[in-house]
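Some features that Swiss-Prot has for this protein:
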- 1-26: signal peptide (SIGNAL)
- 27-390: domain 'GH18' (DOMAIN)
- 31-56: disulfide bond (DISULFID)
- 75, 76, 102, 103, 104, 105, 146, 210, 211, 212, 213, 360: chitin binding site (BINDING)
């Protein structure tokens, strides 16, 4: 059974066998939050004061950048931000807070030339350990978006050397070992090209699977598609049958990542389109991205607190095959996640004994509770309730 001919059924046959060999424990609820959300206007302005320290088991601050093999501190306010974030642990000592380096804007180029030589990698690793310890972080998340085929060895070596250094630091420290995680792609071609999965599985504590952005206004031909479908749609053929959470999770496990190290990403935002005709279903022709939201101000993209406003007067359809909703109002189409789809996704990950759920990101949920009339953090709370013990 070659990977090139792997379909959903044969993929899951192998995964079920693997799952029978693995046990489960308490689930993780890993919550990213972004340092640019503090610059948004109300009600989207998000600061550490908005964080409930008991909401998530792990918080990941996104993103720090690297320059000259060291993490950059932009200004004193960023140091103050680190202190405020990590002070949440005085209220909840069980909370783990990680620093994420990289991200979409930093891209792959940002990791060069640091990864290119053992000397520069060592300089970075020594500096990051010192940085994490000095600022009271519990670990590092590497969000290299994404290593290409030539770079996957660099990525593997960087992760391995970080893991070894974290272990060495732990043996001479009175503190717990620093955690090491990575934000990784959910695209099959990217998984094949970017990651030496079996090696990464030995060195990472867990992966944060970016199981969203499966469809958006960047695609050609430009047609509507859901941001994060749980399952394959009836119309999906060929490569598009891989563009769903179920396939991505199964493929990572098939490639050698233990299920308990897979933390499945669930988005608190949707992707939107401007419809090109009267057709409104999934796969309907679109003329471009949807109109920008009033707070996030990015075309083709809406945070959940903006989606709630959009839903007033919109027609909502729940996709029975993909198990997620979309909404249409006028010529605007948005595919998003709601409380029900969150609960369905958590049941899916529990059935597979995954490590838990990851939220991208808590600052795009209705964290104030003022936009959706569902209380603060309705989506994250739905995930938390469904997961049970953390």
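Using N, Cα and C of the backbone, Cβ positions are placed for all residues, glycine too.
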Check: For residue 146 (chitin binding site), what is the tally of other C-beta atoms lying within 10 angstroms of its C-beta?
Finding: 22
Next item on the list: Would you mind reading off the Cα separation of residue 31 (disulfide bond) from residue 213 (chitin binding site), to the nearest angstrom?
Entry: 17
Checklist line | Secondary-structure category, per DSSP, in which residue 211 (chitin binding site) falls | finding: coil
Notebook entry, point to check: Here the binding-site residues are 75, 213; which one has the lowest number of other Cβ atoms no more than 10 Å from its Cβ?
Noted result: 75
Item checked: Pairwise Cα distance maximum in Å, chitin-binding residues per record: 75, 76, 102, 103, 104, 105, 146, 210, 211, 212, 213, 360 -> 34
Next item on the list: Taking the Cβ of residue 211 (chitin binding site) as the centre, count every other Cβ atom within 10 Å, in any protein chain shown.
Entry: 30
Check: Who sits close to residue 104 (chitin binding site): which same-chain residues at least 6 apart have their Cβ under 8 Å from its Cβ?
Finding: 145
